[in-house]
Amino acid sequence: SLSDKDKAAVRALWSKIGKSSDAIGNDALSRMIVVYPQTKIYFSHWPDVTPGSPNIKAHGKKVMGGIALAVSKIDDLKTGLMELSEQHAYKLRVDPSNFKILNHCILVVISTMFPKEFTPEAHVSLDKFLSGVALALAERYR
């Protein structure tokens with residue numbers, strides 16, 4: 001679970017990188033579909049699933065909107081992300097193992113876009129936070 005120190009580190013990092021969340025989302029989703037091509041199955045209804053396509057950009061923005069919501073609900077991710085959990089479990093039917101894949105891509109992108117801000121301490125806290133987000137999103141799968 002997240003300590004107060006972790007929560008403070010995530011909030012501090014987000015305050016520095018949040019304004020770039022659309023670019024982070026686009027890059028992370030683009031990276032995911034290239035490195036983990038099996039994830040494209042969830043986007044087969046899109047006309048263009050290439051990295052940086054309008055659909056990828058739009059969904060990357062949505063994903064990072066969810067991350068922003070999670071930052072604001074950091075004290076109770078399970079309750080705060082219940083609607084998103086229900087949507088992913090019942091409507092979108094996303095295999096929850098994919099949350100971990102996307103989390104890894106988000107970490108990679110943030111580390112390359114913000115090397116100064118992405119200290120080892122920020123890395124640990126953000127990794128724990130994203131793991132908590134994945135767990136909260138998987139809640140409705142049980």
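Quick reminder: no glycine exception, Cβ is built from N, Cα and C everywhere.
What you see is a predicted model, and the numbers here were worked out from it, not measured in a lab.
Across the domain 'Globin' (1-142), the prediction's mean pLDDT works out to 95. Residues annotated as domain 'Globin' in Swiss-Prot: 1-142.
The N-acetylserine annotation in Swiss-Prot covers Ser1. In the three-state DSSP assignment, the secondary structure recorded for Ser1 (N-acetylserine) is coil.
Within the same chain, residues at least 6 positions away in sequence whose Cβ sits under 8 Å from that of His59 (O2 binding site) are Gly25, Leu29, Phe43. The annotation O2 binding site is assigned in Swiss-Prot to His59.
Taken from Swiss-Prot, the feature heme b binding site applies to His88. Counting only residues at least six positions away in the same chain, the Cβ atoms of Val94, Pro96, Leu137, Arg140 sit under 8 Å from the Cβ of His88 (heme b binding site).
Of all Cβ atoms in the protein chains displayed, 8 besides its own lie within 10 Å of the Cβ of Ser1 (N-acetylserine).
In the three-state DSSP assignment, the secondary structure recorded for His88 (heme b binding site) is helix.
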